[in-house]
Amino acid sequence: MGLAISTLWSSLLGRSKELKICILGLDNAGKTTLCYQMSMGQAVATAPTVGSNTEQFTFKNLSFILWDVGGQASLRASWTSYLAGLGEGKGGVVFVFDSTDRERISVALQELHRVAGDEQVQTAPLLIFANKQDVQGCLNPAEISDALNLTALRLRDWHIQGCSALTGKGVTEGLDWLAARLAG
């Protein structure tokens with residue numbers, strides 16, 4: 001009874017269910033910095049994530065739970081366990097790519113396509129943040145799209161957004177896209 005009243009009250013107030021966002025990417029891509037930029041609107045000093053961090057925030061009247069998952073090679077096999085429950089409008093995947101890391105493009109491509117191909121997230125929107133766009137000489141989003149073979153994801157709802165997790169530039173635009181996909 002209490003849950004039914006709480007659900008009704010939330011509906012009347014325009015609040016929605018909590019949406020799970022899984023933030024993935026190789027180590028040093030800027031996932032944790034992006035997580036704090038999304039949830040607090042600012043960059044904070046971070047250390048490499050071992051395991052995962054969670055943050056909650058509201059954006060455009062949607063309540064999000066962010067799961068920031070470590071990207072070291074030894075942790076990537078565990079990513080699939082974080083993807084559960086993201087389909088059917090319950091959440092989305094954010095893949096953060098370090099736009100300055102030309103040496104590991106093939107690793108990022110392999111990991112991104114492994115995640116995108118996971119049955120648990122076939123219907124979940126996929127937002128690729130091309131991070132570190134504030135660094136001179138970085139790859140631009142179009143170059144990253146080509147390098148990561150994003151056109152092969154044509155059956156997926158995906159978007160690539162250039163950003164800087166440090167300055168916040170481009171983060172809101174990416175969240176706008178994600179929120180529009182999950183609001184319905």
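Backbone N, Cα and C define each Cβ position, glycine as well.
Automatic, uncurated: that is what TrEMBL annotation is.
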Practice prompt. Have a look through Gly71, Gly117, Gly168 and flag the one TrEMBL assigns to the GTP site that Gly25, Leu26, Asp27, Asn28, Ala29, Gly30, Lys31, Thr32, Asn131, Lys132, Gln133, Asp134 belong to.
Written response: Gly71
Worksheet entry | Count of other CB atoms lying within 10 Å of the CB belonging to Gly71 (GTP binding site) | 25
Worksheet item: What's the longest C-alpha separation between any two of Gly25, Leu26, Asp27, Asn28, Ala29, Gly30, Lys31, Thr32, Gly71, Asn131, Lys132, Gln133, Asp134, the listed GTP-binding residues, in angstrom?
Response: 22
Fill in: Surrounding CB atoms that lie within 10 Å of the CB of Ala29 (GTP binding site), all protein chains
25
Discussion item. Among Lys31, Lys132, the binding-site residues in question, whose Cβ has the most other Cβ atoms within 10 Å in this structure?
Written reply: Lys31
